[in-house]
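> My questions all concern the structure below.
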Amino acid sequence: MDLLSGTYIFAVLLACVVFHSGAQEKNYTIREEMPENVLIGDLLKDLNLSLIPNKSLTTAMQFKLVYKTGDVPLIRIEEDTGEIFTTGARIDREKLCAGIPRDEHCFYEVEVAILPDEIFRLVKIRFLIEDINDNAPLFPATVINISIPENSAINSKYTLPAAVDPDVGINGVQNYELIKSQNMFGLDVIETPEGDKMPQLIVQKELDREKKDTYVMKVKVEDGGFPQRSSTAILQVSVTDTNDNHPVFKETEIEVSIPENAPVGTSVTQLHATDADIGENAKIHFSFSNLVSNIARRLFHLNATTGLITIKEPLDREETPNHKLLVLASDGGLMPARAMVLVNVTDVNDNVPSIDIRYIVNPVNDTVVLSENIPLNTKIALITVTDKDADHNGRVTCFTDHEIPFRLRPVFSNQFLLETAAYLDYESTKEYAIKLLAADAGKPPLNQSAMLFIKVKDENDNAPVFTQSFVTVSIPENNSPGIQLTKVSATDADSGPNAEINYLLGPDAPPEFSLDRRTGMLTVVKKLDREKEDKYLFTILAKDNGVPPLTSNVTVFVSIIDQNDNSPVFTHNEYNFYVPENLPRHGTVGLITVTDPDYGDNSAVTLSILDENDDFTIDSQTGVIRPNISFDREKQESYTFYVKAEDGGRVSRSSSAKVTINVVDVNDNKPVFIVPPSNYSYELVLPSTNPGTVVFQVIAVDNDTGMNAEVRYSIVGGNTRDLFAIDQETGNITLMEKCDVTDLGLHRVLVKANDLGQPDSLFSVVIVNLFVNESVTNATLINELVRKSIEAPVTPNTEIADVSSPTNDYVKILVAAVAGTITVVVVIFITAVVRCRQAPHLKAAQKNKQNSEWATPNPENRQMIMMKKRKKKKKHSPKNLLLNFVTIEETKADDVDSDGNRVTLDLPIDLEEQTMGKYDWVTTPTTFKPDSPDLARHYKSASPQPAFQIQPETPLNSKHHIIQELPLDNTFVACDSISKCSSSSSDPYSVSDCGYPVTTFEVPVSVHTRPPMKEVVRSCTPMKESTTMEIWIHPQPQRKSEGKVAGKSQRRVTFHLPEGSQESSSDGGLGDHDAGSLTSTSHGLPLGYPQEEYFDRATPSNRTEGDGNSDPESTFIPGLKKAAEITVQPTVEEASDNCTQECLIYGHSDACWMPASLDHSSSLQAQASALCHSPPLSQASTQHHSPPVTQTIALCHSPPVTQTIALCHSPPPIQVSALRHSPPLVQATALHHSPPSAQASALCYSPPLAQAAAISHSSPLPQVIALHRSQAQSSVSLQQGWVQGADGLCSVDQGVQGSATSQFYTMSERLHASDDSIKVIPLTTFTPRQQARPSRGDSPIMEEHPL
């Protein structure tokens, strides 16, 4: 398939290339003597013309044989198919190629033109004529005589004349044979260098002239063709006397050149031969061999005696350029000498070029006829120029003598195509006589000329042209038929029938006109009426007689001139106008419309009123009628007059019309009541009147007419009980119901009478007083009631005037007074109840006001906080409060050594220990609502208070306190975290409920500036009264670590617990030790903290249990002997990487700040178990430092929120494994937020709240849970806890003996699943006899040993 496709593409490309070149050659092979109508080839297939893309051809493809006029071609070609056939002419190779050497091929050439011009190509076809054996070889003579000396040696050879065969190749002479030689002679054949075969006679026996002097035999020559042809000749051998020597040529081969114009007698060459004999035997005779052609014998002369060769006739190189002359030199013997003379005739420019015209377009009487509309490049003839001369003498060019719309385009050597170079135009040039010139390149050049005649045939390519492009004619109307209007004319540039023009009316021409077909005269055949048609616009056509005919048109405009032949015409014969009677004077009554079909002045109409009527005027131009009077319908209802209309024609025409003006009534009168005559009249209605009885009739009249006078009645007021009804047309008032006692009295009925006028109806009203009673006993009272009713406004709810119930007003007043009294009493009662309920709150507010000097909230939040306090219901705690006080010192940041200003805050305290004992530590949590945005919640731990009993005998010097650094812009209230004032409210300033005495403690505290970031833990020293732990935190957390910035002040808060307090602050759990103990460490710490510094932090924010926002994880345990003062400086990154917006505003707390992890060697089960009991944030943090299996197990047991957080920070393998056990919501959320390499920097931190109660079931701890560490006293035993020894973490069930330093860890427990608060139980050092016992679940309760 690929091969076929490639072949097809190659053929297409070849066809395109060939056709683009414009000329092509094709070779065929034919044999001579072929019969007629033998198929030679198919040009359509052989030239791949069927592969040419299908083009839109003007005519079908045509093949035309181009040959010279008078020639008889040997072949013919089918014009439609391109098939080539032989003709009846004989194909004779020997005749066609007589002058060429025998060793050259014989060709016959013709040209074929492929039409039409869109695909024109000229193809030269060369036919190679193959020789057939149609000629027999012949000897020069039928009898060959030869003489042989009798002393010829045996095997001597004597050359015989050669036979000649016109055929070539195998069909030529191939063999000779000697017949009847009597064994005396034999025959041998030799081949000359030119390829000729020469017979030689061989002497086979000794000759004896005396015995026999003559031998006669036959010699036969044969060719090699099929069938084989041969001929014979008689060979007569004469035996002569002995001849000892033979002639010898001095030169056996001679080649000479002689110009073809050499004159006759010119010596060609001189031959020299010698013979050693003497006498007669020495005489040499020169002669041409019988192999020399007849042409050579005719052109050259050989002197038999001297051997001189001369020109006998003029030479012609173009006829025979080379001649071979075989010369024999004989001394009379039988062995002549041979010499070959080769004569080359050189060319001279003796031949003029010849011009051969072969027509592609068949001529008529030697003239080519071309249509003027033939396309460009139309091929006309093939011009072949030849020159018989050689080289540059035969190089010919051809051209025309002057500028003509034709050109010669070369296609083959010395062949040119004559084609059109421009469009022909019969109208400009009708005939062309083209002179063709041909010149060779010889010196001097020779030229030749020929004439070619072309006649242009006219085509109908020109349409008639009118002399006018637009014809305008005017004619008056009312004309006589047959009037000639105008004559139109047109010309045509064509000739003959193409120029004959006929005139026709266009299809849009009206029937009123006619046109002469030959002359173009336009005539009106009907009477024209301008009022029907004022103009005519139509076309006239001019059509020639060509094929196809061509037409053109001209527009004719006929304008009709008007005549005053029409009178003005009113739109109506009679006009009736209706005007209201209130039409003002000179108002518009109406419009008279008049038309006149004429034009111009003939249609200018003027209007006027006849009979000199002065009551009305009419505008003469517009026809508007206006009154000069005021109308009164009652005086005159209509007016009549005539209007005249007259045109402005030369002979004017007029007409008139009747006008009637009718005055129309206007609704300008209201109905007037006749009955009742006034509003003061009344009608008596007896209570016994039956329903449906007409009790009264109102009558109203209207002075208008028609609908304006039609009156309708209706009740529009009074009649509140619907006791009466009125007929809208008659005005009869009918009683609708039976009257009872309540209906007695004067009824005031408002009756409306309105007309039906349009567009606005007019109306009047009247009061109809109907007195329902048995009789009129007191006319004065009735008249008074009527008078009062007239003075009172009338509404649809007008009540009746009851003469029998004068006390009704007093009853209404009494009812209103009672209702008002009851309302006042209810309002007073409600007010008292409300104030009673608000009394406790008012007292609490008063106390808050009294304590405002030491508890002042942030100014921006004061108003909002106070509003919250009023709205929330406070929960009251037991009446006990620890003794606390806070001292806040502020200094300028730029003066480090300044003493600063001391500010003392007074806090309420209660020193009674019995009160403390009443507080329920277990049931009263110190948690806050998670969404509370206040400072107290921010700095307060979210865990409930631990349940333990504080011993009152704890000495003051054993109490621990911690300094907490707070943001400068926050006011921290030092109210007890487990007190009533803050345990149940999110308001951090709700201290007014702490209704206890106030004791003031004042402790001086030095102002600290922020130490450098690389400062390590201070040395810890024992304190007698109190121990201070100071932690500095920059007020504004930043993302980048930086040192102390000058100009920013710091603040610290010191919390103290006095002697005898029931609550103490917690420290880091340090016992008695020296400063050197701080340097010991067991493993690396995160964030660059020193080991001791990290573990000595009481809370992430260094807050104490003794303030109002204490951290439960730092709960004090009785028995601690000493505390330490440390300063921890977390970097800015430590305090801000996991900060929330609340932390950035209020400062850092355990809600947002998380210390780094401690250990990386945790048990998988312990990690998973711890995560299952940790809050979401801790679980997510743990995920970051746990091995994959632990992460997956932990995630499967975590609540959805924890799973989502952890998944978002876990690597992809963990996410995939955990998601298999996660709910759909967690899967979708985690996958959406988890990056490919999920890591979170926040996982490096974990607050103390994240410790899990499940830690009791495994020895190792999760590596990311932040654990507190404390130093153990000697001889300490614990029921439950863990210690870090040499072998790692282990349970302290066995107890820790001796003075070895041990590290203990806290535990935490979630109260319930929905609560974010974590109860943290710190395990710290114990004095002897102290132990930890289990409490709720796994949370131990620390208590003093019984001893």
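Just so it is clear, glycine is given a Cβ too, placed from its N, Cα and C backbone atoms.
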> According to Swiss-Prot, which residue out of ASN48, ASN365 bears the annotation N-linked glycosylation site?
ASN48
> Look through ASN303, ASN553, ASN703 and state which residue has the annotation N-linked glycosylation site in Swiss-Prot.
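The N-linked glycosylation site feature in Swiss-Prot corresponds to ASN553.
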> Out of ASN54, ASN145, ASN778, which one does Swiss-Prot list as N-linked glycosylation site?
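Record annotation (Swiss-Prot, N-linked glycosylation site): ASN54.
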> Between ASN344, ASN679, which does Swiss-Prot record as N-linked glycosylation site?
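Cross-referencing ASN344, ASN679 with Swiss-Prot, N-linked glycosylation site lands on ASN344.
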> Have a look at ASN27, ASN1138 and find the one that Swiss-Prot tags as N-linked glycosylation site.
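Looking at Swiss-Prot, the N-linked glycosylation site feature maps to ASN27.
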> If I look at Swiss-Prot, which residue among ASN447, ASN773 would I find recorded as N-linked glycosylation site?
ASN773
> Counting CB pairs under 8 Å, which listed stretch among 26-139, 140-249, 250-355 touches the domain 'Cadherin 4' (362-466) the most?
250-355
> When you scan the chain for residues with a C-beta under 8 Å from the transmembrane segment (813-833), skipping those not six or more beyond its ends, what do you find?
none
> What is the number of other Cβ atoms found within 10 Å of the Cβ of ASN344 (N-linked glycosylation site)?
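The Cβ of ASN344 (N-linked glycosylation site) has 12 Cβ neighbours within 10 Å.
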> Near ASN773 (N-linked glycosylation site), how many other Cβ atoms are within 10 Å of its Cβ?
19
> Inside 10 Å of the Cβ of ASN553 (N-linked glycosylation site), count up the other Cβ atoms and send me the figure.
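Other Cβ atoms within 10 Å of ASN553 (N-linked glycosylation site): 17.
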> Once the chains shown are all counted, how many other Cβ atoms turn up within 10 Å of the Cβ of ASN48 (N-linked glycosylation site)?
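Around ASN48 (N-linked glycosylation site), other Cβ atoms within 10 Å: 19.
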> On the 0 to 100 pLDDT scale, where does the topological domain 'Extracellular' (24-812) sit on average?
88
> So, by DSSP, how many helix, strand and coil residues make up the domain 'Cadherin 1' (26-139)?
14 helix, 42 strand, 58 coil
> Tally the residues of the domain 'Cadherin 4' (362-466) by DSSP class, grouping H, G and I as helix, E and B as strand, and everything else as coil.
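So the counts come to 4 helix, 55 strand, 46 coil.
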> Could you check which of the glycosylation sites (ASN27, ASN48, ASN344, ASN773) sits closest to ASN553 (N-linked glycosylation site), going Cα to Cα?
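It is ASN48, whose Cα lies nearest.
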